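In case it helps, TrEMBL gives these features for our protein:
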TRANSMEM  6-23  transmembrane segment
TRANSMEM  35-62  transmembrane segment
TRANSMEM  82-105  transmembrane segment
TRANSMEM  110-127  transmembrane segment
TRANSMEM  163-182  transmembrane segment
TRANSMEM  212-237  transmembrane segment
TRANSMEM  249-274  transmembrane segment
TRANSMEM  286-306  transmembrane segment
DOMAIN    326-567  domain 'ABC transporter'
Amino acid sequence: MNSRTSTIFKLAVMAGVLAFPAFGSDFYAEMVAKVLILAIFAMSLDLLVGFTGLVSFGHAAYFGIAAYAVALMTPKYDPANLWLALPASILAAAAAAFVIGLFVLRTKGIYFIMVTLAFAQMAYYVFHDTPLGGGSDGIYLNFKPDATIAGWVPFDLNEPHHLYYFVVAAMLAVYGLLKLVLRSPFGRVLVGIRSNEHRMLSLGYATFRYKLAAFTLAGGLAGFAGFLYAVLFGFVTPEYLSWHKSGDVLLMVILGGMGNLAGAIAGAAALVGLQEIFTGMTKHWQLLMGLTIVAAVLFMPGGMAATPAASWRASMGERPMSEVLLAAEGMTRRFGGLLANRDVNIQLERGVLHALLGPNGAGKSTCINMLSGDLPPSEGTIRYKGEDITALTSYQRSKIGIGRSYQRTNIFPKFTVLENCRLAAQSRKPRPWSLLTNALRMPEAVERARAAIAEAGLSGREDRVAGTMSHGEQRQLEIAMVLATDAEVLLLDEPLAGMGSEESAQMVTLLNRLKATRAILLVEHDMDAVFAVADRITVMVNGQVLESGSPEQIRNSPDVQAAYLGHEAEHE
Ligand SMILES: Nc1ncnc2c1ncn2[C@@H]1O[C@H](COP(=O)(O)OP(=O)(O)OP(=O)(O)O)[C@@H](O)[C@H]1O
């Protein structure tokens, strides 16, 4: 479906939904309302699964908590006030998600799936095994919440049509909100996290906080769905929090196509519709359901909805050239009994390209990882512009101007070149709260990204999808992303790895250009390249600095020659 047909299709469905109560029976209107509520539920989960890459298997907990919240807030013989009960229920769900998120977001992959399930099961048993919400029988909501505001009644949820349109409005509001969130700077960071969280950290994003915010928002929206569900059906049972419900909503997201809000809505409709059809056909309807889901996943793997440095750095050049930006003193790192770095001293100055050489296993990556904050040193001090930054994490170091590239290409392969760099540039002013901003149009970030692309020699390739470019271009992009973060110190881990001679020559020219205004540490095996660009060389062997000096000194050092010759002899 192209975008025009898709818009027409969505509008037609919307018109059908709006007109439905005029034609359909109350029974079917209630079913459509149920689909719309589950669509909110599914969209809230899609924010986690499809957009942030967090597969939660306990999302029903937040749905159920809000449903219980409204039931418990409703007095026995009176309705609750809608304008208090609704925000309070959503807040209860969001608060639970926040607290649970603090724990579960420390885990990854399969552990994350299991631990979200475990927390949801705990919540299930709280309601199932205690008299709080009527135990396993659940509780009734004798009255639907009252919408009266100071004597004025804008609508009455006891009226089926009013309730129906309230649900439609809620679904549209959540859809609109999530659309805004996803195009905002915050949303772009979530998508970046799904693609490559490690890289987002090194670009200066505190990813844990972003994930926690997304988890809380998703929990709150699931709570909104739970609230509506309780109001629509008038009772709440522990089943609302059960793992079947968490599984159902995950199925809706997978059936509809992860990372697609409209897909989540279609997934909800499909699941409810199929359940309805199959339960009418046979009492073994779950078997039919299972077969249909297997077929859907086989034949529609993408889901139902898936058919076919520049001005900002102006002051930089005026600074004195011999400025030490980053310095390590007595830096040591142990892995068990192994000393991967022992008492390493190294200084990186602006305008100087400092190369780090050494045979395999000498400790070069360990050194760069400690300088970038990816690995804490066992001993020693790291200073940036004179200040002790040893305790700062990688994203904090990125924020103050220390950028790194990786030994293996570490980009966002599905994003364009511009979006890779724009996301990097956005990290300087993330503005995660400005939900009305379209991240793709943030002028400062886009300008900075373009400047970085130009500086890295990738002009004209802004719209290329990064993963489709040549290896050499991807390595250039890797550096462009660091430049887009406005880094003053570049820690480059084997930028020439896997390059042909022509690509290497281009990279050497690029490095020569970049060092004018920055301090560069270059870890590299390609000796010719190192001697062509380095102003200073440090040679490491067995975790220790063997020698440090000008390329001339290093070339003529008997120790270095012995170390390298010794290693070559060993290899032979
Ligand atoms: N996470 C780790 N746990 C245990 N040992 C490690 C770890 N990382 C590195 N080492 C060990 O520390 C030593 C130094 O490794 P490091 O990767 O820093 O060397 P390198 O000079 O970068 O080598 P290469 O050129 O092969 O990348 C090696 O003996 C390695 O096995």
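For all residues, glycine too, the Cβ spot is worked out from N, Cα and C.
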Cβ pairs under 8 Å with the transmembrane segment (6-23): which stretch of 82-105, 110-127, 163-182, 212-237, 249-274 has the most?
163-182
Ranking 35-62, 110-127, 212-237, 249-274 by Cβ pairs under 8 Å to the transmembrane segment (163-182), which is first?
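By the under-8 Å Cβ criterion, the transmembrane segment (163-182) pairs most with 35-62.
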Which stretch, 82-105, 212-237, 249-274, tops the Cβ pairs under 8 Å count with the transmembrane segment (35-62)?
249-274
Would you report the average pLDDT that the model assigns to the domain 'ABC transporter' (326-567)?
88
Same-chain Cβ contacts of the transmembrane segment (82-105) under 8 Å, 6 or more residues past its ends?
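Result: 54, 56, 58, 61-63, 65-67, 69-70, 73-74, 112, 115-116, 119, 123, 145-147, 149, 157, 208, 211-212, 215-224, 226-227.
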